[in-house]
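*Asks:* Here it is, the structure in full.
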Amino acid sequence: MGPPESAAELAPDAVELREPEPASPGEEPEDVEAADAPDPGRCWPYGARACGGSRGEPEAKKKAPCPGLGLFYTVLSAFLFSAASLFVKKVQGVHAVEISAFRCVFQMLVIIPCLIYRKTGFIGPKGQRLFLLLRGVFGSSAMILMYYAFQTTSLADATVIAFSCPVFTSIFAWIFLKEKYSLWDAFFTLFAIVGVILIVRPPFLFGSDTSGMNKNYSEHIKGTFAAIGHAVLAAMTLVILRKMGKSVDYFLSIWYYVILGLPECIIILFVMGEWSLPYCGLDRLFLILIGLLGLGGQIFITKAVQIEKAGLVAIMKTMDIVFAFIFQIAFFNNMPTWWTVGGALCVVASTTGATIRRWVQSSK
């Protein structure tokens with residue numbers, strides 16, 4: 001992955017705008033529990049569920065997620081997305097929008113049987129459909145921009161710029177989820193912006209120095225703006241996913257992502273006239289792997305956001321930067337410039353500082 005509505009409350013079956021307390025991450029919404037409760041004056045059948053709730057407590061404890069599970073899902077998602085970006089860079093002669101379309105097709109073929117098996121339907125809860133639509137539009141647009149950035153600038157540069165995402169996530173979470181945004185957050189935001197500037201190297205600050213760029217500066221700027229656009233849209237997507245919480249099945253969330261992303265890609269390709277078949281069997285294999293790895297990344301990031309705070313997930317997801325540096329050196333024999341390293345350090349320092357601040361606040 002406009003953003004969630006600013007009203008304090010939505011429809012009765014929607015998740016409350018204020019973020020839920022983390023003390024009970026495994027709990028289902030109260031209206032679901034109420035729907036499962038027996039009518040007044042009668043008890044549950046023997047062995048099904050206790051009337052008073054004393055026997056229901058162990059069952060609730062089983063549903064509570066393991067501590068740190070959301071962060072583990074985030075790191076795993078980061079690895080899968082980074083591997084997919086590696087194959088995007090490897091594909092030759094196929095436009096980024098077409099790669100996005102192929103990914104949507106492959107993911108759709110996997111998602112449809114999953115939705116049928118889980119019996120979740122294809123539309124979603126009535127109170128969440130608007131957010132599902134926004135999630136689909138923002139998420140698919142972010143994917144297209146990210147793939148374009150990978151094709152027009154280096155893997156490390158595009159990844160570092162894109163993962164200024166926590167800066168925008170914190171701002172959007174402050175506006176729409178009512179999370180706190182202090183002067184420290186503003187400082188970390190400024191630090192991340194400095195990191196992006198070091199990578200972009202605008203001529204009015206750095207002159208005509210383009211050392212270390214494999215492509216001309218105009219292509220580098222295009223990739224830069226695409227990566228920044230991805231960061232903004234991905235932040236919106238994260239906040240929307242957190243707002244929906246566990247009231248929406250994660251496969252349904254991905255379904256909206258692909259069912260809206262595919263026609264979006266087809267329309268753009270038709271307008272641009274960029275449709276072309278992959279050249280060889282290896283490129284076609286890469287396209288399949290992009291779809292499968294992207295699907296895995298989507299599943300794990302959606303699961304992570306459902307059980308962990310949106311800001312913390314966005315911060316932890318900057319592990320993509322580490323994987324991008326490793327892949328760029330190992331597979332492209334392209335050492336990142338010192339500007340990229342400095343920018344990455346600023347971004348990582350910014351997100352790390354925000355993480356430490358959150359831990360300090362939660363421990364008080």
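Heads up, the Cβ atoms here are built off N, Cα and C, so glycines get one too.
I grabbed these lines from TrEMBL:
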{"type": "REGION", "residues": "1-41", "note": "region 'Disordered'"}
{"type": "COMPBIAS", "residues": "27-36", "note": "compositional bias 'Acidic residues'"}
{"type": "TRANSMEM", "residues": "69-88", "note": "transmembrane segment"}
{"type": "DOMAIN", "residues": "69-200", "note": "domain 'EamA'"}
{"type": "TRANSMEM", "residues": "100-118", "note": "transmembrane segment"}
{"type": "TRANSMEM", "residues": "130-150", "note": "transmembrane segment"}
{"type": "TRANSMEM", "residues": "156-177", "note": "transmembrane segment"}
{"type": "TRANSMEM", "residues": "184-204", "note": "transmembrane segment"}
{"type": "DOMAIN", "residues": "222-352", "note": "domain 'EamA'"}
{"type": "TRANSMEM", "residues": "224-242", "note": "transmembrane segment"}
{"type": "TRANSMEM", "residues": "254-273", "note": "transmembrane segment"}
{"type": "TRANSMEM", "residues": "285-305", "note": "transmembrane segment"}
{"type": "TRANSMEM", "residues": "312-332", "note": "transmembrane segment"}
{"type": "TRANSMEM", "residues": "338-356", "note": "transmembrane segment"}
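Burial and contacts for the listed features, if you can.
*Replies:* Sequence-remote contacts of a segment are chain residues at least 6 beyond its ends whose Cβ falls under 8 Å from one of its Cβ atoms, and for the transmembrane segment (100-118) they are 84, 140, 143-144, 147, 249, 251-252, 254-255, 257-259, 261-262, 265-266, 269, 287-288, 290-292, 294-295, 298.
Tertiary neighbourhood of the transmembrane segment (184-204): same-chain residues 157, 160-161, 164, 166-167, 170-171, 174, 210, 217, 220-221, 224, 228, 339-340, 342-347, 349-351, 353-354, 357, selected by CB-CB distance under 8 Å and a gap of 6+ residues from either end.
Assigned with DSSP, the residues of the domain 'EamA' (222-352) fall into helix, strand and coil as follows: 112 helix, 0 strand, 19 coil.
Within the same chain, residues 1-4, 19, 131, 134-135, 138-139, 141-143, 145-146, 148-149, 152-153, 157-159, 161-169, 171-173, 176-177, 196, 199-200, 253, 302, 305-306, 309-310, 313-314 sit at least 6 positions outside the transmembrane segment (224-242) and bring their C-beta atoms closer than 8 Å to a C-beta of that stretch.
Cβ atoms under 8 Å from those of the transmembrane segment (254-273) belong to residues 1, 95, 97-98, 100-101, 104-105, 107-108, 111-112, 115, 122, 124, 132-133, 135-137, 139-141, 143-144, 295, 298-299, 302 of the same chain, restricted to positions at least 6 beyond its ends.
Counting only same-chain residues 6+ beyond the ends of the transmembrane segment (312-332), those with a CB under 8 A from a CB of the stretch are 70-71, 74-75, 77-79, 81-83, 85-86, 89-90, 154-156, 158-160, 162-163, 165-166, 169-170, 235, 238, 242, 301, 304-305, 344, 347-348, 351-352, 354-355, 358.
Beyond the ends of the transmembrane segment (338-356), by six or more residues, the same chain brings 154, 156-157, 160-161, 163-164, 166-167, 170, 184-185, 187-189, 191-192, 194-199, 201, 212, 311-312, 315-316, 318, 321, 325 to within a C-beta distance below 8 angstroms of the stretch.
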*Asks:* Pop the mean pLDDT for the domain 'EamA' (222-352) in here, whole number is fine.
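*Replies:* When the pLDDT values over the domain 'EamA' (222-352) are averaged, the result is 85.
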*Asks:* For the transmembrane segment (156-177), could you work out the same-chain residues 6 or more beyond its ends whose Cβ comes under 8 Å from its Cβ atoms?
*Replies:* 3-6, 17-19, 82, 85, 146, 149-150, 185, 188-189, 192-193, 195-196, 199-200, 220, 223-224, 226-228, 230-232, 234-236, 238-239, 242-243, 310-311, 314-315, 317-318, 320-321, 323-325, 328, 336, 340, 343-344, 347, 350-351, 354
*Asks:* What are the DSSP helix, strand and coil residue counts for the domain 'EamA' (69-200)?
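*Replies:* Reading the DSSP string over the domain 'EamA' (69-200) gives 110 helix, 0 strand, 22 coil.
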